[in-house]
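K.L.:
Just lifted these from TrEMBL, have a look:
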DOMAIN    36-104  domain 'J'
TRANSMEM  6-27  transmembrane segment
TRANSMEM  126-145  transmembrane segment
TRANSMEM  227-250  transmembrane segment
Amino acid sequence: MPHKQSQSWIYTCLLVSILPTLCLGLLDGLYCGKENCYDVLGVTRESSKSEIGKAYRQLARKYHPDLHRGEEAKALAEQKFKLVATAYEILRDEESRTDYDYMLDNPDAYYAHYYRYYRRRVAPKVDVRVVIVVTLTVISIIQYYSGWQRYDAAIKYFSTVPKYRNKALDIARDEIQERVHNRKGKNRKSLSKTEQKEEIERIIRKVIEEKMDVQGGYAKPTLWDVLWVQLLICPYTLFNFIAWHALWFWRYTVLKQPYGREQQLYLIRRHMGMGQHQFNSLEDKQIEEYLQLELWKRDNFVAWKTDQDEDMKKKLAENPRYKAYRRYMKNHGPGRITFED
């Protein structure tokens with residue numbers, strides 16, 4: 001019995017000791033701990049930001065560790081200086097001060113206090129919106145200049161292909177004659193062989209850029225293709241997508257209207273499972289052949305696809321390398337393949 005009385009007395013003492021801090025809403029580990037931040041700076045809740053700043057500067061000079069001598073005095077001053085700095089960091093910011101006042105006014109909302117405090121401490125200092133804008137801008141710039149690099153590589157390649165190079169020379173024959181071979185005159189000087197070669201290459205490139213419509217992934221980039229612009233016009237693009245499919249359903253499913261050339265090409269591309277850029281990169285002769293075969297009709301496409309697969313199998317069967325591969329797989333199996341083989 002005396003033992004139980006002593007235990008209850010201890011619990012009562014502990015409750016009485018922590019009751020003032022609980023009533024004040026002060027939690028250890030949050031803000032100024034068991035100390036009131038206003039009392040630490042010697043200000044009130046009605047004090048302005050300038051008054052809080054003035055009080056902090058006075059206390060910072062008073063408790064600065066460099067102004068105290070002796071290890072014990074310096075350690076005590078450093079501890080007090082840190083507490084003053086913490087109180088000032090909390091009260092100088094309007095949002096942090098609002099959260100702290102909320103804790104003082106609502107001492108029972110423990111979980112809300114911890115959430116508010118650690119949300120502010122863990123949250124990134126930089127605005128997430130700024131990060132998103134910068135990221136999208138960087139991606140758009142890289143995307144745009146990468147497109148120009150691919151386009152430049154495609155033009156350089158076409159400039160070396162004899163078919164396109166000779167065609168460009170025929171188109172620019174007069175310009176080459178004027179700029180390269182006929183440089184005599186009052187204000188003109190003859191070009192060296194190196195300069196003539198560079199001028200011819202420049203003219204060929206110019207003709208290819210003007211006359212050749214490069215499609216697909218190597219097409220000439222525009223600002224409409226970058227990510228930023230695509231995101232901005234996304235609502236418009238989505239509206240066009242829905243309207244296009246609704247109009248297609250009404251015209252060609254409900255009204256049974258005949259397909260035009262554009263609609264036929266769309267159906268052929270969809271049957272083949274090709275993207276727009278990939279389909280546009282096909283040669284005009286091949287596209288015309290698809291139209292003549294009426295591949296926009298599903299039955300025609302299935303029959304054509306079957307024939308193509310059969311032709312591919314025959315070509316593979318007649319290929320010596322493929323025959324050797326099949327013979328090897330038949331005799332040894334996949335488990336026998338090594339780097340030496």
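Placed from the backbone N, Cα and C atoms, the Cβ positions cover glycine too.
Automatic, uncurated: that is what TrEMBL annotation is.
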K.L.:
Checking distant contacts: for the transmembrane segment (227-250), what same-chain residues at least six beyond its ends satisfy Cβ-Cβ under 8 A?
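P.N.:
Counting only partners 6 or more residues beyond its ends, the transmembrane segment (227-250) has Cβ contacts under 8 Å with 136-137, 139-140, 143, 263.
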K.L.:
Under the DSSP assignment, what numbers of helix, strand and coil residues are found in the domain 'J' (36-104)?
P.N.:
56 helix, 0 strand, 13 coil
